[in-house]
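Here is the structure we will look at, set down as structure tokens.
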Amino acid sequence: LPKPPLLPPPVPGLAPGLPPLPVPDPVPHPPKKPP
């Protein structure tokens, strides 16, 4: 059998028995200015 990938699946929920982990934004978005 092929070895499982070291990196977690891109879509949460594919790994059985593991809860989906939240992915925080790498860069905080600035507040949107009103038009």
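Indices start at 1 and increase along the chain as displayed.
Even glycines carry a Cβ here, placed using N, Cα and C.
The shown structure was predicted, so the numbers you read here are calculated from the model rather than taken from an experiment.
Over in Swiss-Prot, the protein carries these features:
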- 1-35: region 'Disordered' (REGION)
- 1-29: compositional bias 'Pro residues' (COMPBIAS)
- Pro5: hydroxyproline (MOD_RES)
- Pro9: hydroxyproline (MOD_RES)
- Pro10: hydroxyproline (MOD_RES)
- Pro12: hydroxyproline (MOD_RES)
- Pro16: hydroxyproline (MOD_RES)
- Pro20: hydroxyproline (MOD_RES)
- Pro31: hydroxyproline (MOD_RES)
- Pro35: hydroxyproline (MOD_RES)
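According to DSSP, Pro31 (hydroxyproline) is assigned to coil rather than to any helix or strand. Other Cβ atoms within 10 Å of the Cβ of Pro31 (hydroxyproline) number 6 in total over all chains.
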